[in-house]
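Engineer: I'd like to ask some things about the structure below.
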């Protein structure tokens, strides 16, 4: 087995474990119907985005599996929708690693990911609501709770992950950080 595949598998396992553990032990948690907000619950997925699209997909799937075991069906489906923003974000970062070297560029990236994240979660809850699996809620309540609330939650967790990765990205050999470092040296 190649070193990089062993490393990716190790990162995936650690981040999946963190992604399952954080919602179980984090004291800051808000539950409002199908909308749940647990501080730092998306951080492992965001960290996986700095590694590769494959690792991001595995971490999103692994954490979703954890939610299927420990949470309601709709919350688990929302977690499963994270694969969309995780893979898209990781793909974009792998092609534009210089983003991590510029906080303003990362904030723009984080905003775009937040929009994708909140949109996917809102769509999932809308579909589940229309199938009769959960109590209907007003469109404005859904937009406010899932759309705006999910967007803000994504921004907070993305910022936490960026702050952590700024400290460990090169040391732990996250590919996006190594590529960004090489580009910075060429400049």
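All positions are counted from 1 along the displayed chain.
In case you wondered, yes, glycine gets a Cβ from its N, Cα and C as well.
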Engineer: Ranges 12-32, 159-179: which does TrEMBL label transmembrane segment?
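Structural biologist: Checked against TrEMBL: transmembrane segment maps to 12-32.
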Engineer: Among 12-32, 44-69, 75-94, which stretch has the most Cβ pairs under 8 Å to the transmembrane segment (106-131)?
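Structural biologist: Result: 75-94.
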